[in-house]
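These notes are about the structure you will find just below.
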Amino acid sequence: MSYTYEECKATADWLMAQTDIRPRIGIVCGSGLGGLANLLKDQVVFNYRDIPNFPQSTVHGHAGRLVFGTLKGRPCVCMQGRFHLYEGYPIQKITLPIRIFKLLGVDTVILTNAAGGLNQDFKVGDIMIMKDHINMPGFAGNNPLSGPNDERFGTRFPCMSDAYDRELQQLAMEVGQELGYGDFLREGVYCVLSGPSFETIAECRMLHRLGADAVGMSTVHEVIVARHCGMRVFALSLITNQAVMDYDSEEKANHEEVLQTGKQRSEQLERLVSTLVTRIEHNNIYA
Ligand SMILES: O=P(O)(O)O[C@H]1O[C@H](CO)[C@@H](O)[C@H]1O
Ligand SMILES: Nc1nc2[nH]cnc2c(=O)[nH]1
């Protein structure tokens, strides 16, 4: 099921009728990383269940609230909870909020996620700046842009070689160094799978050989839709667990560990994002 431009606009107009905040930055919080939304001042909060056309959050660690407010003076909108393919939603429904962001006036999207580390140099607690992605469900025909294309959102065949804004990656690296995060700040390639089962050992080995540094079940669909409609994208993965690559290992991936690592690193991740938001303003990267 696909949403028409008019349906997306109706949801955006409904939201804009209830708040004067006109966000230029849209933030999506990953598993256990919803604390970012609490940094917003002068909040106007909507439960997803009250927003026309919105799906509901079903995953522990995703609160299901859309929070408008200001972050260091910048008007922002923040998804405290995202949607995943494994929740059973059509891929176009998962990414609906990104188009709503666009129609609200957002031009820069910042996404966070929890991910398993495939790169053997990565440690649990590392923050990885996403420089690229591998869209595994897309290889099997599951792309959020499948179906009729509405040119009011974007072109039929959008380019993805520039999906992740290089200036923002550079800026985030600088901000991270200044904050003293150099020891746990990385960059790399994120691979999305549909989940909800975690990977087998053979799958982790394969993904690593294919060039992925981290694996998760989100973000990429949102990035594709954001780029399709011309928004700038910056994304971070928190490495919440090491992917199991060795048959002698006793490690077992589990969602509790994912949420636990999120708690341990949330303060630094929040500071990195909020400082980045301030620098976007200072550097006047905005059009
Ligand atoms: O990508 P986010 O939403 O951070 O969540 C990640 O954490 C969950 C698994 O623990 C999966 O949903 C995976 O995608
Ligand atoms: N697919 C996947 N998603 C995750 N989210 C957090 N950790 C993981 C992981 O190891 N694999």
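Including glycine, each Cβ sits where the backbone N, Cα and C put it.
Just so you know, TrEMBL annotations never went through curation; they're auto-generated.
Annotation source TrEMBL lists domain 'Nucleoside phosphorylase' at 24-277. If you look up TrEMBL, you'll see Ser31, His62, Arg82, Phe83, His84, Ala114, Ser218 marked as phosphate binding site. Annotated purine D-ribonucleoside binding site per TrEMBL: Glu199, Asn241, in sequence order.
Of the listed binding-site residues Ser31, Ser218, Asn241, the Cβ environment within 10 Å is emptiest of other Cβ atoms at Asn241. Taking a Cβ distance under 6 Å to any atom of ligand 1 as the criterion, the binding-site residues His84, Glu199, Ser218 reduce to His84, Ser218. When the binding-site residues Arg82, Ala114, Asn241 are checked against ligand 2, Ala114, Asn241 have a Cβ within less than 6 Å of one of its atoms.
Annotated pair Asn241 (purine D-ribonucleoside binding site) and Ser31 (phosphate binding site), C-alpha to C-alpha distance, rounded: 13 Å. Listed in sequence order, the residues of the same chain lying 6 or more apart from Phe83 (phosphate binding site) and placing their CB within less than 8 Å of its CB are Pro55, Ser57, Tyr89, Lys93, Ile94, Pro97. Straight-line distance linking the Cα atoms of His84 (phosphate binding site) and Glu199 (purine D-ribonucleoside binding site), rounded to a whole number, equals 16 Å.
Ranking the binding-site residues Arg82, His84, Ala114, Glu199 by how many Cβ atoms sit within 10 Å of each one's Cβ puts Arg82 at the top. Between the CA atoms of Ser31 (phosphate binding site) and Glu199 (purine D-ribonucleoside binding site) there is a gap of 17 Å.
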